[in-house]
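Enquirer: For reference, TrEMBL lists these features for the protein:
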- 1-30: signal peptide (SIGNAL)
- 18-341: domain 'Sulfatase N-terminal' (DOMAIN)
- Asp25, Asp26, Cys65, Asp275, Asn276: Ca(2+) binding site (BINDING)
- Cys65: active site, nucleophile (ACT_SITE)
- Cys65: 3-oxoalanine (Cys) (MOD_RES)
- His128: active site (ACT_SITE)
- Asn190: N-linked glycosylation site (CARBOHYD)
Amino acid sequence: PLCLGWALRPAAAATATNILLLLMDDMGWGDLGAFGEPSKETPNLDQMAAEGMLFLDFYTASPLCSPSRAALLTGRLPVRNGFYTTNGHARNAYTPQDIVGGIPDSELLLPELLKKAGYTNKIIGKWHLGHRAQFHPLKHGFDEWFGSPNCHFGPYDNRERPNIPVYRDWEMVGRYYEDFKIDLKTGEANLTQLYLQEALDFISKQQASQQPFFLYWAIDATHAPVYASKQFLGTSQRGLYGDAVREIDDSVGKILKHLQQLGISENTFVFFTSDNGAALISAPKQGGSNGPFLCGKQTTFEGGMREPAIAWWPGHIPAGGVSHQLGSVMDLFSTSLSLAGLQPPSDRQIDGIDLLPVILQGKLIDRPIFYYRGNELMAVRAGLYKAHYWTWSNSWEEHSKGIDFCPGQSVAGVTTHTQEEHTCLPLLFHLGRDPGEKYPLSFASEEYQQAMERISGLVQQHRDTLVPGQPQLNVCDQAVMNWSPPGCEKLGKCLKAPESDPKKCSWPH
């Protein structure tokens, strides 16, 4: 049944469907009006949901940025594609500027495969899959890029620690806080407007050339430090974070309208989601809302991994649809291949499923959701039941310093500051009755026994076939801190801005 979608399409589509994936950064399940946000400040996204399909049970593959992005583009769990660490049990890992790993050449990314069907591929925004030369997005299937290898952290001193670069394809065109201004006092930055215009221009160019396209719009305005352009500052009831959401909403509305005006909306599949839950450590001023769910980013509770998700494809997706399909960002890989008339790679385990039978025919596909943190399987969802094999929000040491991933949400025996193992008797929740994961089922109940019998079988099957990839995020070495690409200045020490012209440094091919 998982392969049903492949049979629905011919080997090669007569008119290939354009694919537009809108990936937000740290946006929570509860940030959109369509998901119940009380200020109702996302009219365009709410309209997108009204015209398309809302996914209420859609998950990321990791509670952090980098691994979830690697999972989206490979269709594989981070523990398979290498985007995890074995340093410190159940620790999350990501790619800050001094980590030397990245997406392995052995992984097949979605844009690489779409090229076989004649697609032109562009990434706009945050790459986050490695910043050394071999990890450049144009080496992994993308034809164009405008954005950065990392998030907009900073500003730094630009000597020992240069500000993070922004690229157009292979050429570095400037740095955050210098050429691309971000005012930390007011939150003003026009980056979202730049990313919007890049998207509109690319779509126009592809429509004119009659080339099918894949556009991966991976913007980061809702990742702290949050920013918005001047015309949106001060316009939300939710403060600066709400201003950023309002600008994103406006931008998505303009992109969808552009597709309609060009007459290609019925030939363009659009999917909106986020890379992980809202960062409650930054809330409320710099972080979003995870609605009724427990905790947020960095945790494997629902608030860390359940995402807002909307599918839009006029003329194909029935308007006003609501799906309870258990979905994953990894499904966007398989679904996109199906849209292009392509088969998934057969030489590796693909965790994503084709959602087209769900989206077009209202079917429900039975599949589990695996919640990983680093290299540890923390929890599993099957149907409405979720079993926690490990619980851990963050350490007492971090918590004592004010780092809290579950502010105001302490649940005794559930939100723990030590790594608590429950492999013998997992904590089990019924997410229909208890979406906030506050009331574990009684171990002695018949309901517990029946649900755990099924989940235990799924876990055993998963572990029997799991072949972990080479961990990419173990080595953190400031001596190879490529804040700019190698070649600007030789490696072997912290990279400094080249003396010639730091704005004219190209990433070596």
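Cβ atoms are placed via backbone N, Cα and C, with glycine included.
Fair warning: this is a prediction, and the values are worked out from it, not measured in the lab.
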Enquirer: Out of Asp25, Asp26, Asp275, which of the binding-site residues is least crowded by other Cβ atoms within 10 Å?
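Expert: Minimum Cβ neighbour count within 10 Å, taken over the binding-site residues Asp25, Asp26, Asp275, occurs at Asp25.
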Enquirer: Can you count the other CB atoms that lie within 10 A of the CB of the residue listed as 'active site'?
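Expert: The residue listed as 'active site': 28 neighbouring Cβ atoms within 10 Å.
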Enquirer: Identify all same-chain residues not among Asp25, Asp26, Cys65, Asp275, Asn276 whose C-beta atom falls within 8 angstroms of the centroid of the Ca(2+) site's C-beta atoms; report them in sequence order.
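Expert: The answer, listed by sequence position, is Met24, Met27, Thr60, Leu64, Ser68, Asp220, His223, Ser274, Ala279, Lys297.
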Enquirer: What's the CA-CA gap between Asn190 (N-linked glycosylation site) and Asp25 (Ca(2+) binding site) in angstrom, rounded?
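Expert: One finds 17 Å between the Cα atoms of these residues.
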Enquirer: Measure from the CA atom of Cys65 (Ca(2+) binding site) to the CA atom of the residue listed as 'active site' and give the result in Å, rounded to a whole number.
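Expert: Per the Cα atoms, the residue listed as 'active site' and Cys65 (Ca(2+) binding site) stand 8 Å apart.
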Enquirer: Long-range same-chain neighbours of Asn276 (Ca(2+) binding site), Cβ under 8 Å, sequence gap at least 6?
Expert: Asp26, Thr60, Ser62, Pro63, Leu64, Cys65, Ser68, Lys297, Gly304, Met305, Glu307
Enquirer: Count, for each of the recorded positions Cys65, Asn190, the other C-beta atoms lying within 10 angstroms of its own C-beta, and report the residue with the smallest count.
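Expert: Sparsest of the recorded positions Cys65, Asn190 by Cβ contacts within 10 Å: Asn190.
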Enquirer: Limited to the domain 'Sulfatase N-terminal' (18-341), I'd like the whole-number average of pLDDT.
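Expert: It averages 96.
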